[in-house]
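Taken from TrEMBL, the feature ATP binding site applies to Lys72. Marked as compositional bias 'Low complexity' by TrEMBL: 337-352. Residues or ranges marked as domain 'Protein kinase' by TrEMBL: 41-314. Marked as region 'Disordered' by TrEMBL: 317-360.
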Amino acid sequence: GEGSSPADVAEAAAAGAGQRRGAAEIDLDIDLAKGVLKVDYSTRGLLGQGGFAAVYKGRYKGQRVAVKMIKKTAGSSLADLQEDMNALMHELHILRQVNHPNIVTLFGGCLKPPHIFLVEERMEGTLDFYVHHVRKQDALSVREVVYFALDIGCGLAYLHPRIVHRDLKPANVLLSREGRCKISDFGLARTKLKEYLSTKNLDAGTTAYIAPECFISMDNPDLHDLRRAVTDRTDIYALGIIMWEMMAGKRPWQGLKPLLVAYQVAYRSLRPPVFELGARCPPRLRQLIEDCWCQEPKQRPSSQQVVDRLMAVLNELPPEQDFEPQQPAPAVLEHLPAASPAAAAAAGGASPRVQQQQHQ
């Protein structure tokens, strides 16, 4: 968040396997007319649409890329357009500072109207699509859940405490062809949460991942921009819900209206049912999920503690023999000394399978 000390920034920059990139490597003056970037605007080329942007397939310097552009919708005001531009600018501002295997890579973009866009690496699809469509009939193994959670946890450990994502959910976690998770969609990472939490934005796909302190502080007139309410532990709450969703194979709070979800979470301290995790969920993983979604933010583990505890779960998993190892070990395991127990677990336990997604 704002007001981080230089020590915090240095610590965040050093965390994880990433390092900061020189802005020179990112071209922020891509000219569509020059043909360096080709965008497929056809229906087949549309990869997805978010709150304010549409994402298209493209090619940039021979690489497959995703091009994120502001959607111009009929009836949108100048103020709306300005807000959307700000969100895209926030995303650009954050992505140009970060370089980590579990965070989507920015190649460049353009910030000159009318062409405002970002060019990012193109992935195979979202974690949401993978869990609820590709693997609808074939539940993720415990090892896959732990690997995916480790990827997300490592990305968060690199971002925190300097950057809080604020909109972490399976639709904003992208999967590579090999099955590595990368955090994306940083448009909300610095915007004021009050506007975001206004009812026009409270959709079912987002409410389930919002921490109770965000809802409670909306009712508190002293917290005008919710800055004090939103901390890195807000992202940890979302990660707890995501881990539950991957284990249960169900969407949290399915069928409940967003405002009812907000009430249940914030004022009744309710959470998705733990019994849905099933008998196959290791007790340590179940406990971690419950700790991540603790009502009191200070009682939630830090992102680094989540990573450490997931490694402990991984070390205790029996090797799985029943599939082809296609998914790479989480990035964190590549940076461990070869003799460490977690590295041995990664090597000995093989890697979970990730079936090809047809999403993109």
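All residue numbers here begin at 1 and follow the chain in the order shown.
Each residue, glycine too, has its Cβ placed from N, Cα and C.
What you are looking at is a predicted structure, and each value in this text was computed from that prediction instead of being measured.
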For Lys72 (ATP binding site), the number of other Cβ atoms found within 10 Å of its own Cβ: 11
Overall pLDDT for the domain 'Protein kinase' (41-314), taken as the rounded mean: 89
